[in-house]
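In what follows, a single structure is set out as structure tokens and then discussed.
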């Protein structure tokens with residue numbers, strides 16, 4: 001035991017769980033802000049936010065329980081690190097649900113803005129592929145060691161991670177393209193606002209896709225440690241926080257657009273919150289597709 005170096009395995013996973021806990025606190029704060037600022041949002045949007053928080057809470061409990069199993073229940077038994085706790089398997093499944101739901105949300109935003117189904121359907125299919133592939137973990141991950149599992153299902157994990165990168169990049173690029181195209185038709189006063197929307201869209205896609213790329217790189221470059229698992233447990237929080245950030249950003253956008261405009265970018269006829277009339281602040285959100293889910 002004195003020669004056993006746990007820094008790249010248990011230490012890395014513990015750091016990932018701690019960072020994930022911090023981001024869960026951020027998510028909880030964003031969830032509170034959302035329900036406080038937007039009580040009149042569509043019920044399906046509020047249901048999605050509540051569902052996401054419940055999934056994230058379950059994910060946090062599962063990864064904390066798996067860490068407890070590694071450090072307390074399995075203390076002094078190095079073979080514990082070779083097994084995949086059932087709680088971690090559930091966390092993997094919840095991660096697939098969370099990422100798929102967020103990607104589906106942004107894919108629907110593409111449809112709301114473009115009124116075409118080509119790109120959204122591809123995004124939905126990639127999200128469904130990731131969810132179905134992740135669900136297979138629940139049935140197979142409970143048997144055998146973690147090392148054997150990674151060897152057996154390496155092809156599936158690689159496909160899922162690559163599809164996640166492709167989906168995140170496609171969503172961000174498509175939204176940015178649509179906004180840039182509408183920017184050419186916007187009034188001069190609207191251009192700074194649209195530029196901010198484009199920047200936020202790109203940043204959101206970069207954060208989630210970069211996290212998935214890091215998982216791939218860490219896994220193939222450092223197969224004997226758990227650094228890729230540390231990045232994996234954190235990536236779930238990035239998806240959910242990006243969703244809440246996009247919804248809560250409407251307050252900032254509406255402050256930037258206090259006068260009624262008639263540009264095509266703000267006259268898109270998208271569903272908005274209940275009991276609301278067409279006003280410029282709400283039109284800004286409609287232009288970005290924020291009130292259309």
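Just so you know, glycine gets a Cβ as well, placed from its N, Cα and C.
The feature transmembrane segment is assigned by TrEMBL to 12-35 (among others). Sequence-distant neighbours of the transmembrane segment (12-35) (same chain, 6+ residues past either end, Cβ-Cβ under 8 Å): 46, 49-50, 53, 56-57, 60, 63-64, 67, 70-71, 225-227, 229-234, 236-238, 240-241, 244-245, 247-248.
Residues annotated as transmembrane segment in TrEMBL: 47-68 (among others).
Among the features that TrEMBL reports, transmembrane segment is placed at 88-110 (among others).
TrEMBL lists 117-139 (among others) with the feature transmembrane segment.
Tertiary neighbourhood of the transmembrane segment (159-180): same-chain residues 96, 99, 103, 106-107, 109-110, 113-114, 119, 122-123, 126-127, 129-130, 133-134, 194, 197-198, 201-202, 204-206, 208-209, 212-213, 215-216, 288, selected by CB-CB distance under 8 Å and a gap of 6+ residues from either end. TrEMBL lists 159-180 (among others) with the feature transmembrane segment.
According to TrEMBL, the domain 'DUF6534' annotation covers 165-251.
Distant neighbours of the transmembrane segment (200-222): 8, 99, 157-158, 161-162, 164-165, 168-169, 171-173, 175-176, 179, 228, 231-232, 234-235, 238-239, 242, 245-246, 249; these residues of the same chain sit at least 6 beyond its ends, with a Cβ under 8 Å from one of its Cβ atoms. Summarising the annotation, TrEMBL assigns transmembrane segment to 200-222 (among others).
As annotated by TrEMBL, transmembrane segment applies to 228-247 (among others).
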Model confidence over the domain 'DUF6534' (165-251) (mean pLDDT, whole number): 86
